[in-house]
Amino acid sequence: MNFRVLAVIVLIVYGFFKEFRPVLPYFNEYLTNSGRNFTDEMLNHEVYPVWTYSYLAFLLPVLLLSDFTRHFIFVILGNCAQLGTMISMIFGTSIVAMKFMEIFYGFATACEVSYMSFVYSMVENDKSYQKITSWMRASILAGMSSSFAMGQILLLVGVSDLDIHGYISLAAVVVSFMLISSLRCWPQLRHRTKSKRVQKLFSNGLLNAYLNLCKRFKNSYNSIFLAKWSLFWALTTCGHLQVSNFVQNLWSTIGEESGVSVAYNGLTEAINALMGAVRYCQAVCSYPAFQELLYIHLNWYLIGDSCLFIVLSLQAALLLVVSRTNSLLIAYILHVLFSFLYQTSATVSTFLIAREAPAKHHGLIFGANAFVSLCLQTILTLIVADSSGLALPVKPQVSLLS
């Protein structure tokens, strides 16, 4: 079998295992009910914000250096950071350990761009990008949905000890580490990763590299239409990340207020991931009905502003309702609807940005958009969630997002 084909298969399987974490939907409950004596307020104001700050701190260096190191080193480092996250979560017993856990997770999240770029570097035919992307995303989302469902099933059959969920998550990360480390033993990959591009970068001068980057950045955002949809993508991604970071704390608060003892976090998150996995699998299988819907031709210059207003208004309304409800079931349903709106709008905006962006500037534009989104989230977190800011309870935080 061709080396590149086998490497892509290994990387796709790696994506499944690295996202197989049944403990994730019960992360907040795991930290508050495992004898560590952490409270929702401590996690909300002192621990969770650290992920946002560390993600922002690591994203720009990873974006700038990943291409010059042929991506693989950051894939390995990101996986090591995931191991650090799991170990800190399971064995950490202090707030400091939990902050280190969030720092590890922030670095692992920042390295996601290197994982995707490394997969693309193994593809010789540009026409295969769409299919490889679909398989990669489907594998990741399948790992998420199956692990979340497993976590829910374990609770329903009476396995209430969340340490079991944690150890299964750690084992899956270890498997993913073994898979990605096995690639390093392949002679073909060692030859590919022995690059002199870093030396060339420094020998040509960092100033020239910086000036070239500024020139490319200026040429990238060459239209109001592109800038508008980039801003929309950044705003919706910021809101989605902020909600995802604190939603378990919200569910915990609603559950305590309503007296609900059985949580269906795993089922809710599994539905979210499964919807995305099915969408990408359909793209791979090229179902005619789906392809017709996917490539439908609309005049986005004419209807774009209306669509932006409708999507943002619906998301704001959902957040406002979920911040006021005392029903955990309603909160779950609204979260699924909010995630569906985000996934759909992000798909459309990504397509429009890719279509309008200058050739060979896609990576720069999407990286810049992600950085802007993270900057917005950092400012928001610092003001409303951090203990040095307003330190609002979780419900007012969600209400403010709307």
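Easy rule for this one: first residue shown is 1, then count along the chain.
Note that Cβ sites are derived from N, Cα and C of the backbone, with glycine treated the same way.
Annotated features, as they stand in TrEMBL:
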TRANSMEM  48-65  transmembrane segment
TRANSMEM  72-97  transmembrane segment
TRANSMEM  103-123  transmembrane segment
TRANSMEM  135-158  transmembrane segment
TRANSMEM  164-186  transmembrane segment
TRANSMEM  300-323  transmembrane segment
TRANSMEM  329-352  transmembrane segment
TRANSMEM  364-385  transmembrane segment
Problem - Distal contacts, the transmembrane segment (135-158) - CB-CB under 8 A, six or more residues away - result: 11-13, 15-26, 116, 119, 164-165, 168-169, 172, 262-267, 269-271, 273-274, 276-277, 280-281, 284
Handout entry: Same-chain residue ranges lying at least 6 outside the transmembrane segment (364-385) that approach it to Cβ under 8 Å
Key = 44-45, 48-49, 52-53, 55-56, 59-60, 63, 113, 213, 216-217, 220-221, 226, 230-231, 233-235, 237-238, 241-242, 245-246, 350, 353, 357, 391-392, 396-397, 400-401
Problem - For the transmembrane segment (329-352): best-contacting stretch of 48-65, 72-97, 300-323, by Cβ pairs under 8 Å - result: 300-323
Exercise for the section: Could you name the stretch, out of 72-97, 103-123, 164-186, 300-323, with the greatest number of CB pairs under 8 A to the transmembrane segment (48-65)? Expected result: 103-123
Problem - Beyond the flanks of the transmembrane segment (300-323) by at least 6 residues, Cβ under 8 Å - result: 225, 228-229, 232, 235-236, 239, 243, 250, 330-331, 334-335, 337-338, 341-342, 345, 348, 352, 395-396, 398-399, 401-402
Handout entry: Residues of the parent chain within Cβ reach of the transmembrane segment (72-97), under 8 Å, 6 or more residues beyond its termini
Key = 18, 23, 27, 30-31, 36, 38, 42, 46-47, 62, 65-66, 104-105, 107-108, 110-112, 114-115, 118, 163, 166-167, 169-170, 173-174, 176-177, 180-181, 183-184, 189, 192-193
